[in-house]
Amino acid sequence: MAIDNGKLQEEEASSVTRFYNIILGWDYKQLTKENERKNRKDSKEKLNVVKNTYKDVDDYFETFEPLLFEEVKAQILQNKDGEEASVCKMRLVMECNEGEGFHFLLVTYEHEEDEYLAQNDLLLLSKEEVKGNSFPSSYGFAVVEHRQNNLLRLRMYLAEDIVQITKNTKSSRTKSFIQALSNMRSLITSSASPIDKRVFSLKLCGLSTIIREYIALRSVSSLPFKDLIFTAAEKSCGFGDEAWKISGPLNEFFNENLNKSQKEAIDVGLSRKSFVLIQGPPGTGKTQTILSILGAIMHATPARVQSKGTDHEVKRGIQMTIQEKYNHWGRASPWILGVNPRDAIMPEDGDDGFFPTSGNELKPEVVNASRKYRLRVLVCAPSNSALDEIVLRLLSSGLRDENAQTYTPKIVRIGLKAHHSVASVSLDHLVAQKRGSAIDKPKQGTTGTDIDSIRTAILEEAAIVFATLSFSGSALLAKSNRGFDVVIIDEAAQAVEPATLIPLATRCKQVFLVGDPKQLPATVISTVAQDSGYGTSMFERLQKAGYPVKMLKTQYRMHPEIRSFPSKQFYEGALEDGSDIEAQTTRDWHKYRCFGPFCFFDIHEGKESQHPGATGSRVNLDEVEFVLLIYHRLVTMYPELKSSSQLAIISPYNYQVKTFKDRFKEMFGTEAEKVVDINTVDGFQGREKDVAIFSCVRANENGQIGFLSNSRRMNVGITRAKSSVLVVGSAATLKSDPLWKNLIESAEQRNRLFKVSKPLNNFFSEENLETMKLTEDMEIPDAPLYEDESLPVAPYGGDDDFGDGDADQDDVAMAGED
């Protein structure tokens, strides 16, 4: 069915207009007052709670649109008083025009100071500089449209009419704000000279991602599988007739190299179901499964091909030598070699565009007759890091073709902040390569139009495109003449539903949602939206509604003693250990009970304290000191652990993480980042280390543990380690929560619960270590459960050279710490 691009663009423009009519009409002063109120029951009563299923598009939209705008409000106010608060900049209004109900301004732009400004950034424009909690006489929101002749083009909505979000919304403007808008309108439209039309701008936040989410939300009614999204039920489409199959060699390879649950996930995908949900618990080979799915769907063919009333098996091509394959790849991927695509012999429509499946690049007509066109796949993830992990794995291991031979397909990674390890396939790099080859040729220029043409050619020829969820809604992909047949979303449980909708608008026919609702959810800034279920991912919602989910069950990361608790607590005991995983994860330091594989250290005399600033984050200095003792003892006895690639320190609280980093910088200077990896729980999802030390922080008499009670945060925190996870916390405080009580009791049952008294360094004395040493013929010694005797003090020191330095890592921003 043909896609009416004109209609799509018209609908998108309508969505953008409505979005800015609402956002730009808000009163910043009123928003700050609402935010200061501790209890916002009045707002929550107007919001629909996210449900598992919906009657129709109106029911769906009336739920999500108000929640999305609540999130916008929270993002606007997020940095108001924080460390990242912006500074007011004075600008001159050079020109002002009206159109479509908006005012469009051209204001002065300072190149060096304004580099931080980007399209869709939201600004507060005012007559006077905004200082503290005082508000100027004239103010209003403005959004950055683009740069024009060394000027910034801004959009404002200064009409007195307010655009309501829903029919139940009863918003109104105060008289003071109406006057402020009137004053601003008079200022920017006056005939005075620019020097007399000074305004101040304050950057509040970027809106690019959330406006893409809004456009996707508004276009949900045009999706071919909208009914499935609403009802979580897929209509019977006779999948048996439409199912695809893979070649014998490729199927044999998967049978030999994948476990049962991974192979079943591929089979579900080949059934051609519109939505395929794959749950990947920690260490179950989720990324490998995604690569296998890519290999399968790139080379799948209809199970039977009808030809003149007779069923025929699909023809298979002959094998090529590796040199012949590389020769063909060079022609099929011209930008890699700097060749002009128009000068190259391009693969015929129907070829996969890489190593020819026909077995003969000179006879493309021998390509499988059942493949009418080359499949295109869009692979997305919520974050750059999650996306680049897949790209890197694909580059390092490749895919398998129908002959089960390894090859590297034509791929392109679009968007910002690509990791340096995948830069070779980034769009910018490929364009630069192509431009370089063009410059060397006579009569060839590199105008803006030429660059756009190069980008388009690269995207059109790539079989797999990688983009974050947000960037999949960029104009770059929207300009493409072709959509995508398949969309694969990794870490799908970490995305709010509107974000998941963005890549689905690319005309795809099949969607794979891969993730784990038992691990970290999406970050939602607004507590009002969070309480209404806005953080629920589409994956989780469909799963709750009963949509079938294929779970990967064999884990290849954790020692069985680490796997035991999360499997029972979060996955109903379904996780199995890969072959020889115990032998692969057993280490020399396991001869001591206190070094794993699974331990809980009860710092029963520790106390938490709160960050003096407005962040609300917490720190526990006793836990900091004890973790340093663990680290020192481990790396002194086992020097191979003195590496950030081997050992991690994890904590849910930013303040605790910062304190750890400061202490390690004091000890190791510029080498700090090399000797240990320190980050928040949120910053460690999807990663693994040999040893992980988890600092819980919370220790108080009231048994309050804040967001530490989040089961997903616990699951991620304790499943990062391959050989040893060492949990440090206050047993008395944590036992107030049923989940943590279960974990502590699990440690106790395994004789791996240690009570640590002050002075803390007594615990790792030579004498005490001997009591915790396992003999060769026993796994759990007959040793006291709690170690609280007064023992000689072990010297805290060593051969390390301590120095000064300022190396640090960026903290992962978290919302709602408490």
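Quick reminder: no glycine exception, Cβ is built from N, Cα and C everywhere.
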Range annotated as region 'Disordered' in Swiss-Prot, from 249-286, 325-362, 743-780, 781-818: 781-818
Neighbourhood of Thr284 (ATP binding site) by C-beta distance under 8 A, where only residues 6 or more apart in the same chain count: Ser261, Leu552, Lys553, Thr554, Gln555, Tyr556, Leu575
Residue among binding-site residues Gly280, Gly283, Gly285 with least C-beta crowding, 10 angstrom cut-off: Gly285
Least surrounded among the binding-site residues, given as Pro281, Pro282, when other CB atoms within 10 Å are counted: Pro281
Greatest C-beta neighbour count within 10 angstroms, which of the binding-site residues Lys286, Thr287: Lys286
Conformational class of Lys286 (ATP binding site) under the three-state DSSP mapping: helix
